[in-house]
Every structure is written in structure tokens, then in C-alpha cells.
């Protein structure tokens with residue numbers, strides 16, 4: 001009798017715990033969602049003349065793709081994305097970079113000198129770090145059309161398709177089993 005009672009208590013405790021674990025509340029759903037956000041740090045000290053545009057681009061991606069958050073690295077913090085000024089054409093490492101990986105953006109002065117919008121340039125290059133390739137549509141509405149869009153294009157917002165792709169790239173949060181791949185996208189004119 002005592003064994004049956006203990007077995008019933010253990011079974012009820014197990015079932016009760018299973019029921020409690022299975023209950024989703026808005027608070028736990030929000031916590032689960034927050035746990036899936038991949039935070040990537042960036043260092044803009046190598047492109048200090050473009051800090052305003054870099055901060056704007058990070059804000060654009062943070063608003064456009066909630067699964068990934070770009071934050072400026074603090075002193076001593078691990079850097080995922082290093083942004084440097086460069087005399088050549090803009091280019092970047094193709095991601096998606098993970099919180100355990102690293103990528104680079106070369107903020108090419110050649111495109112700035114030709115009159116391309118600086119915020120669009122850096123938002124586009126960060127798009128590469130987040131896993132977006134060039135698409136060369138020539139449309140100003142497509143951020144990843146890059147220099148195929150007119151020089152006068154000032155749109156620094158990713159399209160719905162570009163936002164969705166970045167969301168998918170970071171849909172599962174940190175992917176520890178993914179090995180880094182280094183591919184540099186050179187945005188030739």
C-alpha cells in the first residue's frame with residue numbers, strides 16, 4: 001500500500017510538473033522570443049567619420065529584423081562586426097554572422113566620393129553580414145540592389161523580402177553548430 005501511494009504521488013508530481021511546464025503565458029512567450037534574439041556587437045572605431053551613419057544603419061536593422069540586434073561594442077567586449085574606412089569600393093563579409101563569429105565591413109570611400117548615400121551604403125554592407133547577397137535589380141526600393149540603383153537613391157530601408165530573409169537567417173537564435181564561412185562580397189560599381 002505504501003509503495004502504491006508513493007508511486008501515485010510520484011506520478012502526480014510528474015504529471016503536474018508536465019502540465020505546468022506545458023502552460024504558455026504571454027510572459028513566457030515573450031521570454032522565449034527574447035531568448036531567440038541573436039545579439040551582434042560592432043566596432044566602428046576604424047570608421048569614426050561615419051559613426052552617425054553606422055548608428056543609423058544599426059537602428060534600421062534592429063527595427064527591421066527583431067531576431068537579430070546590432071549593438072555597439074563596449075571596451076573589452078567581443079566584437080562580431082568590425083567596420084573600417086577604406087579608400088576603395090565598399091565590401092563586406094557575407095554572413096549570416098553568429099554571436100560566436102566575426103565579420104568585417106570596409107566602408108569604401110570611393111562610393112561616398114561618387115555621391116552614394118552613406119547611410120544606404122553601410123545599411124547595405126551590414127545586410128551582407130546578416131546574410132543577404134547583392135541582387136542587382138537596379139531598384140531603389142531594394143536595399144541589396146546596391147550600386148545598380150541610381151546614385152541619387154537615398155533609401156536605406158530593407159525591402160519586405162530582405163527583412164524576411166534576415167528574420168529567417170536568425171529565426172532559431174544562436175546556432176552553435178554552424179561553422180563560420182568567410183566570403184567577401186565586393187560591391188563593384
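From the backbone N, Cα and C atoms, a Cβ is placed for every residue, glycine too.
Quick caveat, the model's predicted, so the values are computed rather than measured.
Binding of Zn(2+) is attributed by TrEMBL to 124, 128, and within the candidate set 113, 134 the record adds 134 to that site.
Comparing Cβ neighbour counts within 10 Å across the binding-site residues 124, 128, the minimum falls on 128. Take the Cα of residue 140 (disulfide bond) and measure to each of the recorded positions 124, 125, 128: the nearest one is 124. Comparing local CB density within 10 A for the recorded positions 125, 134, the maximum falls on 125.
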